[in-house]
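S.K.: Sequence annotations record features per position, and here TrEMBL assigns substrate binding site to A:Gly40, A:Gly41, A:Arg62, A:Asn159. As annotated by TrEMBL, site 'Transition state stabilizer' applies to A:Lys8, A:Lys225.
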There are 2 protein chains.
Amino acid sequence: MERITVVKIGGNVIDSPEATARFVEAFAALEGPKMLIHGGGKLATRLAAQLGIESRMVDGRRITDRETLDVVTMVYAGLINKRLVAALSAAGCRAIGLSGADGDAVTSVRRAAGAVDYGYVGDIAEGGVNVELLRTLLDAGLTPVFSAITCDGRGTLLNTNADSVASAVAVAASRIAPTQLVFCFEKAGVLRDVEDERSVIAEITPDTYAALRAEGAISAGMLPKIDGALRAVASGVESVVIKQAEALLDAGGTTIRG
Amino acid sequence: MERITVVKIGGNVIDSPEATARFVEAFAALEGPKMLIHGGGKLATRLAAQLGIESRMVDGRRITDRETLDVVTMVYAGLINKRLVAALSAAGCRAIGLSGADGDAVTSVRRAAGAVDYGYVGDIAEGGVNVELLRTLLDAGLTPVFSAITCDGRGTLLNTNADSVASAVAVAASRIAPTQLVFCFEKAGVLRDVEDERSVIAEITPDTYAALRAEGAISAGMLPKIDGALRAVASGVESVVIKQAEALLDAGGTTIRG
């Protein structure tokens with residue numbers, strides 16, 4: 001199979017109808033087999049508030065009780081996923097929406113309660129992405145579109161970090177064909193100076209990353225994203241690119257390689 | 001391919017966790033390739049009420065404005081569909097949830113506003129079910145699970161009658177292999193006497209249907225269901241069975257043949 005592109009979009013695209021429409025056009029125009037993973041944006045928080053359910057976040061992660069699980073399942077796997085799939089289809093991209101439960105696509109393990117009980121939150125199991133399902137769908141010319149709702153394989157849905165789903169899907173895809181993972185980001189890439197969009201670091205490797213960290217050239221908030229990207233690369237993904245959604249079809253951004 | 005079974009369940013199963021659990025066990029145990037279509041039940045009405053959206057029904061059909069479309073997309077294509085898929089997967093049935101937008105599975109046409117404007121409501125287009133997609137998924141050992149949210153192919157999701165989706169999917173399946181369509185019903189079948197569950201009419205054909213109607217032996221509420229079943233049979237479905245969900249694996253119910 002040709003090179004596969006796996007793209008992840010987050011709230012900054014999802015929360016804006018105009019940004020979503022621009023992204024859909026660009027993603028539909030991407031050549032070759034491809035997959036999309038989307039985050040949730042602010043819609044789940046808004047719906048929870050309308051229903052009188054308090055949204056509690058710890059370190060940027062949503063505490064997911066039973067009611068909140070229902071809300072994120074409705075919003076992520078229902079509304080956002082189906083709107084995206086419908087828009088992609090209209091743009092000529094034969095998309096098929098998946099939660100982790102569909103075709104046992106992504107199996108996760110409920111996170112044990114420690115200092116914080118995150119509730120119905122899952123981390124992707126070792127070998128949790130169903131490579132054969134991805135191969136079947138890609139071979140049929142379909143474009144899988146994943147929400148970050150996964151399943152423990154025993155009937156329980158689990159809220160999962162969308163960046164982690166994207167990385168795991170890209171690692172699985174790399175067993176089918178060389179795979180590039182693209183994280184769409186609010187900024188033009190990883191910046192040396194967060195105030196200066198022109199200070200994009202073009203390439204990061206494990207060696208240069210150590211040097212950049214020693215210099216303090218990378219903001220603390222970016223470190224988990226780059227750590228994740230380097231793990232994906234170490235696990236078989238050809239390269240990870242961090243760039244703006246608007247620049248999906250252009251060169252540029254930060255490329256992370258092994 | 002072996003004989004395909006297409007099963008439709010409605011609110012009487014969906015609204016009860018116990019009935020759903022019993023149904024999931026039975027459906028998972030059904031042999032051969034199969035597909036499931038589910039209605040919505042009362043959850044959408046309840047969610048709409050919680051959000052202050054008025055539910056308006058005309059002749060049992062929901063008037064679907066923009067806000068209501070979002071609610072039914074969340075509830076039908078999100079919560080109910082993913083809960084069913086997760087439960088089926090846990091029961092050993094590799095289910096894959098689909099709205100009509102997914103893989104262009106079911107394409108519909110928005111109903112023109114007449115005496116009543118139903119809003120975002122669609123009727124399935126001629127040839128609107130994607131036979132090749134069904135073949136791909138069944139060949140891969142997957143069990144498609146459809147919500148009754150379809151898509152006009154131009155990016156707009158449409159609320160659709162679940163019985164109509166079931167019939168159209170069964171007609172499409174019959175182009176792959178002989179297909180039986182099962183409507184799960186609150187009663188044991190079509191009854192001669194609605195008060196007497198033992199008065200099930202075992203078989204209906206176009207000829208006996210005319211006689212039964214002339215006698216007034218069938219309640220008015222059943223006529224659209226039987227008309228739909230006879231149309232499905234005339235369009236290639238081998239037989240349509242109307243029976244209780246609890247009796248899915250048993251003989252019995254009313255069988256409608258051409």
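Indices start at 1 and increase along the chain as displayed.
Every residue gets a Cβ built from N, Cα and C, even glycine.
What TrEMBL says about a protein is an automatic prediction, not a curated fact.
Tell me about the setting of these features in this model.
M.R.: Annotation for A:Arg62 (substrate binding site): same-chain Cβ neighbours under 8 Å, separated by at least 6 residues, are A:Ala44, A:Ser55, A:Arg56, A:Thr68, A:Val72, A:Tyr118, A:Val121, A:Asn159.
In sequence order, A:Leu36, A:Ile37, A:His38, A:Gly39, A:Ala162, A:Asp163, A:Val165, A:Ala166, A:Leu181, A:Val182, A:Phe183, A:Cys184 constitute the residues six or more apart from A:Lys8 (site 'Transition state stabilizer') in its chain with CB-CB distances below 8 Å.
In the three-state DSSP reading, A:Lys225 (site 'Transition state stabilizer') counts as helix.
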S.K.: Of all the Cα pairs drawn from A:Gly40, A:Gly41, A:Arg62, A:Asn159, the residues the record ties to substrate, which distance is largest, in Å?
M.R.: 14
S.K.: What Cα-Cα separation, expressed in whole Å, is found between A:Lys225 (site 'Transition state stabilizer') and A:Gly41 (substrate binding site)?
M.R.: 18
S.K.: Going by DSSP, is A:Gly40 (substrate binding site) part of a helix, a strand, or coil?
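M.R.: Looking at the DSSP assignment, A:Gly40 (substrate binding site) belongs to neither helix nor strand, so coil.
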S.K.: Here are the binding-site residues: A:Gly40, A:Gly41. Which has the lowest count of other Cβ atoms within 10 Å?
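M.R.: Lowest Cβ count within 10 Å among the binding-site residues (A:Gly40, A:Gly41) is A:Gly41.
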S.K.: Relative to the Cβ position of A:Asn159 (substrate binding site), how many further Cβ atoms are located within 10 Å?
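M.R.: Around A:Asn159 (substrate binding site), other Cβ atoms within 10 Å: 28.
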